[in-house]
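Report on the following structure.
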Amino acid sequence: MRGVWPPPVSALLSALGMSTYKRATLDEEDLVDSLSEGDAYPNGLQVNFHSPRSGQRCWAARTQVEKRLVVLVVLLAAGLVACLAALGIQYQTRSPSVCLSEACVSVTSSILSSMDPTVDPCHDFFSYACGGWIKANPVPDGHSRWGTFSNLWEHNQAIIKHLLENSTASVSEAERKAQVYYRACMNETRIEELRAKPLMELIERLGGWNITGPWAKDNFQDTLQVVTAHYRTSPFFSVYVSADSKNSNSNVIQVDQSGLGLPSRDYYLNKTENEKVLTGYLNYMVQLGKLLGGGDEEAIRPQMQQILDFETALANITIPQEKRRDEELIYHKVTAAELQTLAPAINWLPFLNTIFYPVEINESEPIVVYDKEYLEQISTLINTTDRCLLNNYMIWNLVRKTSSFLDQRFQDADEKFMEVMYGTKKTCLPRWKFCVSDTENNLGFALGPMFVKATFAEDSKSIATEIILEIKKAFEESLSTLKWMDEETRKSAKEKADAIYNMIGYPNFIMDPKELDKVFNDYTAVPDLYFENAMRFFNFSWRVTADQLRKAPNRDQWSMTPPMVNAYYSPTKNEIVFPAGILQAPFYTRSSPKALNFGGIGVVVGHELTHAFDDQGREYDKDGNLRPWWKNSSVEAFKRQTECMVEQYSNYSVNGEPVNGRHTLGENIADNGGLKAAYRAYQNWVKKNGAEHSLPTLGLTNNQLFFLGFAQVWCSVRTPESSHEGLITDPHSPSRFRVIGSLSNSKEFSEHFRCPPGSPMNPPHKCEVW
């Protein structure tokens, strides 16, 4: 791997998790639930981790039946391991082709406990692979979904907690700032003393909020500038700095649609289906207004209804995500002067000069906008809306974002709405989980060195690099056999695959205390003032964003912190990134059979690699520039191939609600391509190294084990409400169909499991892109 060296300040945009350049991720970015996948709780901040007072009540709150069941499960698991160990002793001399090491016995136990062998694998492979896991893992309290990603994140959280609570003299100043931030979050006594005062004072400084008191400042432009730059809210539209898609060597101001409090426009527009959520959202708004001193509910509710109606008007002009997938069509570069003509409701030059100060912006400043029609319509909406309502809406954006940093009453309001929105049940999660999550989201690179030193073996980078090379080789082998692609485009595609840059574990700069301290030099965390620390961070992170404008993008910037259980592909950098957090079981274990590692981390690598060639990634060349580098004949052939997948996944449904095959197309292409590349890489490994020993008692070949390992990565459960939210917001298909969809397209899977032609897992017509 090439050296990772981001200059301290330019690295900070990604180090803070604040970069907004496009990326394609392995899984949903939220590992737990948030009120919104965007503006409401940015940086992935999750509200549902907050404990009422203490996590110690969790066991006590269990019924006697629940306690007995927990004990029984533990005893059964111990018995299973003991039986497998006994089998290992009994057959050790009989079957040299069977792996009987402690690691093999342990992983076999885990696989068996997750399976449901009563299900026909040719009928429903997801239930066959995950049926046991699903029965043993109901959605935990405080969550609306649970799976292997969540489980691994919990493990990482526990490590981070220990590191934050046990300071050492050798930590850097940046690491100490993360510890101060965490401890302020944990100081519930001080938070309860302050109650709503910090936010109420902030609202007063902004000129008031008609919902809680006199509104004395009729200055729309000033308020918009302050809430955008100092508190990183995005009412009406979002403004950020990122690599120019058509000139990836330079950063540019970018403007896009934004401003909804709920996760998707669908919640506002499909009122009958989402009546419960809309009612719950309004009640939540009213409750926060009361907690902030609004007094009489009869006076608050009509004004909050007006805000909700305004958000509904925003939803009406917001473009659905599935119609924004062709980036060549939605990309428009204009000057600041042209933007003023396009959306005259905003005084753009004063706005941009204020939020990007001290950088000077003039009328010729290039700006990329992703939907001209939206900006025209939002400008009209602003000009035709009462100024008091506009101010109420902007302050509501601020309240949504910051109320979770206040006392327990606000947490209770959050949790009540979470139950309506996501089906999240009562919470008995300890406070530290909320604080670890928030600290990691905001200061994840500051605490990154602690996590890396505690968890990441240095040779893991070289091991992961080798896996990536094997997957890339397999992908290029498949690329050479495609019949629908012309030779010229194929050659360019291979050059792009060769040029993909690998980032593994962590960026090297975080391990240099001096460089890390430079990154966070301008951020100060103060003891015992949690709300203040969060507000300082928002202001600090925007200053870092503004600082990027006149600097070139840095290939070595990261958009995920080391503990994250995820991975991503960046099209403007043509790079794939695998944080240390995902380089663990069940994705990778050095003592596990290669079949499982290729089915785990191998498919993850293949997934991200294939994103370079999905319906959006394929539009970018090897240098990360958005341009038409395919011949027209191959473009048309690609579209025909992908339509098969759109139709296939659109026929899947959850609780009677269909999957959006077009919105999920990119992820489905990556899932299918990643599985194919990983399987081929495993076959190449076997040819080179010989067949490995099989696991005991499973009765499965290693090729079957590869597919089983892949499927068990996606074992998960969700509440009906969370499933609905995922279907309308998430670009990934539901876990069940990530397994069934990919495997039913794999002829190798059907061959190894001997699935009869026409069976559900071996349909007569299979979709294949890569």
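Including glycine, each Cβ sits where the backbone N, Cα and C put it.
For Cys755, the cysteine that Swiss-Prot lists as its disulphide partner among Cys83, Cys99, Cys104, Cys122 is Cys122. Glu667 is the residue from Glu532, Glu657, Glu667 that Swiss-Prot records in the Zn(2+) site together with His607, His611.
Noted from Swiss-Prot: Cys185 is disulfide-bonded to Cys435, selected from Cys58, Cys388, Cys428, Cys435. Among Cys715, Cys767, the one Swiss-Prot lists as the disulfide partner of Cys130 is Cys715. Among the candidates Cys83, Cys104, the disulfide partner that Swiss-Prot records for Cys99 is Cys104.
The record in Swiss-Prot lists a disulphide bond between Cys644 and one of Cys428, Cys767, namely Cys767. Straight-line distance linking the Cα atoms of Asn632 (N-linked glycosylation site) and Asp671 (active site, proton donor), rounded to a whole number, equals 25 Å. Nearest in space to Asp671 (active site, proton donor), taking C-alpha to C-alpha distance over the recorded positions Thr25, Cys185, Asn383, Cys435, is Thr25. Secondary structure at Thr25 (phosphothreonine), as computed by DSSP, is strand. Cys99 (disulfide bond) sits 35 Å from Thr25 (phosphothreonine), taking the Cα positions as reference. Ranking the glycosylation sites Asn166, Asn651 by how many Cβ atoms sit within 10 Å of each one's Cβ puts Asn651 at the top. Counting only the Cα atoms, the space from Thr25 (phosphothreonine) to Cys715 (disulfide bond) is about 18 angstrom. Note on proximity: among Cys122, Asn166, Asn316, Cys715, the recorded positions of the record, the Cα nearest Cys644 (disulfide bond) is that of Cys122. Here Cys104 (disulfide bond) is compared against the recorded positions Asn270, Asn316, Asn539, Asn651, Cys755, and the shortest C-alpha distance is to Cys755. Note on proximity: of the recorded positions Cys122, Asn362, Asn651, Cys715, the one nearest Asn270 (N-linked glycosylation site) is Asn651, by Cα distance.
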